[in-house]
Each structure stands twice: as structure tokens, then as C-alpha cells.
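Right, one structure below, let's go through it.
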Ligand code: URA
């Protein structure tokens, strides 16, 4: 289940992120801003309940988000650039971390850290800007599922995806909802997305 969030503001900001001359500071700000906009759409279907609320004039049953606090889980390290935006939108969310790096030869994910809150009855938003081979994304969802999180309580959000990665992800986790801002053309021989925006982690943190 793939949704492309093609709001003009998201697309405009993404174009500036792709520009190789965009500074680290601006790249970081734009990622946070785009994630705020994407987060607004992603959270559209969260279930509501009501609480009796006294306004200065009368008492009403007013809507609030039902259930336990959401969990935002950045896939380290570039996912942190997105979790900042999501947490601005949902400040009371819990935060987990899944640390995965890509083996440079096999392009397969190597896990080095998992820290998650108690999972029962919570919705998880996994975030990682680049859905490239799909291997890290599949791995991150595997981690949640092994702890008992059902597919319909997992949302995966990326900025840019490659068709190859989306295919791998959908084969492994067909019932997990994926949101992206752009579905790009393809992967290159180093498993970078084309046209993409380069290495999201390096551009976000100013590393090489
Ligand atoms: N990771 C990145 O940061 N960029 C890509 O293009 C692919 C994976």
C-alpha cells in the first residue's frame, strides 16, 4: 500500500533538497518542514474518541486521539531528520530507535541497535528518508513484527523511494502502509536512488 504525497509545498521543498548546492542547515530545515507536512497526511486516519470538556459556555463531548501514545521510530541515522518533524506534530509520542547500516558490498542491512517502548496497542511510525533497496525498511518492520506489532499498526514514511525498493518492501510486507513524497526513477550500481538527493545522512549531518 503505497501513497505518494504530492502536495505542491512538499514537492517544492523536495526540489530544494535535491539541489546539490543546498547547505546542510537548509537541508535539515527542509526535511523537518516536509516531514511536518507529510505527518499531517499520515495521521489523518488516526482513530478518535471523545472526552467530556467544559468550555466557558457548556459541556461537550470533544474529540481527542484514541488509544495509547504513538511511537515514532527513526531508522538511524538519517531517520532522525524526519523524527524531529514528526515529534513537533505529536510532541507526546514515544520514541524508539532502530540502528541499521548498509553493508557496502552486499547492500544488506546490519543491525547495531534496537530500543523500543512497550509495543502493545500502539501505532508505530517508522521513518527513513531514503527507501532505496528496501532492505533496511523490511528489516525495521521485521523488528516490530517480531515484537508483536500488527501490520495495520505500522506506518512507514520515506521522503524518496526507488521502484526496486518499493517492490522489495511490498513483497515482504504487503499490508504495511508506505508514504513517500516521490517515487524516483531507479537505483544506480551503488544502490543510490536516481535522481535522488545523494546520501541523506551525510547531507543532514554534514559528514562525508
Ligand atoms: N541512502 C541514501 O542516503 N541515499 C540513497 O540514494 C540511497 C540510500
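Just so it is clear, glycine is given a Cβ too, placed from its N, Cα and C backbone atoms.
Please treat TrEMBL annotations as automatic predictions, because they have not gone through curation.
Since the structure is predicted, the reported quantities are computational estimates derived from the model, not experimental observations.
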Residue among 77, 115, 147 sharing the 5-phospho-alpha-D-ribose 1-diphosphate site, where TrEMBL lists 102, 128, 129, 130, 131, 132, 133, 134, 135, 136, 199 as binders: 77
Reduced DSSP assignment, residue 132 (5-phospho-alpha-D-ribose 1-diphosphate binding site): coil
Cα separation, residue 136 (5-phospho-alpha-D-ribose 1-diphosphate binding site) to residue 198 (uracil binding site) (Å, whole number): 17
Inter-residue C-alpha distance, residue 136 (5-phospho-alpha-D-ribose 1-diphosphate binding site) and residue 200 (uracil binding site) (nearest angstrom): 14
